[in-house]
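Per Swiss-Prot, these features apply:
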BINDING   ARG82, ARG83, SER84, VAL85, ARG86, SER110, GLY111, THR219, SER220, THR221, ARG261  FMN binding site
BINDING   ALA112, GLU139, TYR143, LYS164  3-iodo-L-tyrosine binding site
TRANSMEM  5-25  transmembrane segment
Amino acid sequence: MFDNLSGVSYGLLAGILAMLIHLVYQKITELKRRKDELKERESHPTDDLFPKEDFIPYHPSRYSEEEMIKRSNDFYLSMNARRSVRFFSNEDVPDEVIDNIIRTAGTSPSGAHTEPWTFVVIKNKLLKAKVREIIEEEEELNYKQRMGQKWVDDLKPLKTNWIKEYLTEAPYLILVFKQTYGITEDGQKKTHYYNEISASISCGFLLAAIQNAGLVALTSTPLNAGSKLRNLVGRGPNEKIVILLPVGYPSKNCQVPNLKRKPLNEIMIKFD
């Protein structure tokens, strides 16, 4: 039935066939590589979890029941006072405080102890202004075109828009990046297990440390600005931004929405 096909048609079919064969070959090669990697990991099941680490005795502090109840309630009251703040004082914060906050975030658990996070701290005013420029440019498009009217309407009670003064008002910006994979000394990719979950948990530690230090922050997710911010601060293609936090003291006239948190019986299911 191909008797009437021209030489051009035969050439086109041959090209398509060659492309399909190449794609199938690539797929088979990739599947074989993954299978070999899995087989290698299974033959050394503890190598990734405990890479030549020594084990040491561990005896954390133990408190009486009365002290545990008091400490847990005190911590709850402190964290319950935490609010997302959009109005910052430009008053400076000691660098050592920020260093300690980042150290605390770095104590977070991570898959196979890969610690797949990078905390970029920006104090430089010109760089903060550039961050604001990038985010406001994308946020205006988000509000006007990308988010949809329902999302915009849901944000109206919080009185938010694409203007982000806090990005230049707050003394510090902390950008948290997840490392989707690591790079070994010889330039090979290193698997970072559960990198998004691990980095997200570290963000929780970070927020708790900020609250504990007597500072405030705003948890923001720079929608559609991630690659520009990554390039701005010189991070590699293996890193993706998770959250951006302006950090500092609240302004004297700071106000926050009068929001209420869900009671315990709405967030906990308990089996005694």
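Note: Cβ is positioned from N, Cα and C throughout, glycine not excepted.
Mapped onto this structure are the features recorded in Swiss-Prot.
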| residue | record | contacts (Cβ under 8 Å, 6+ apart) |
| --- | --- | --- |
| ARG82 | FMN binding site | LEU207, GLN211, VAL216 |
| SER84 | FMN binding site | ALA217, LEU218, THR219, VAL256 |
| ARG86 | FMN binding site | THR160, TYR166, LEU218 |
| GLY111 | FMN binding site | HIS192, TYR193, TYR194, ASN195, ILE197, SER198 |
| LYS164 | 3-iodo-L-tyrosine binding site | ARG132, ILE135, GLU136, GLU139, SER220 |
| ARG261 | FMN binding site | ASN80 |
Let me check the 10 A CB neighbour count of GLU139 (3-iodo-L-tyrosine binding site). How many other CB atoms are there? 23
For 3-iodo-L-tyrosine, whose listed binding residues are ALA112, GLU139, TYR143, LYS164, the greatest C-alpha pairwise distance in Å: 39
Pairwise Cα distance maximum in Å, FMN-binding residues per record: ARG82, ARG83, SER84, VAL85, ARG86, SER110, GLY111, THR219, SER220, THR221, ARG261: 33
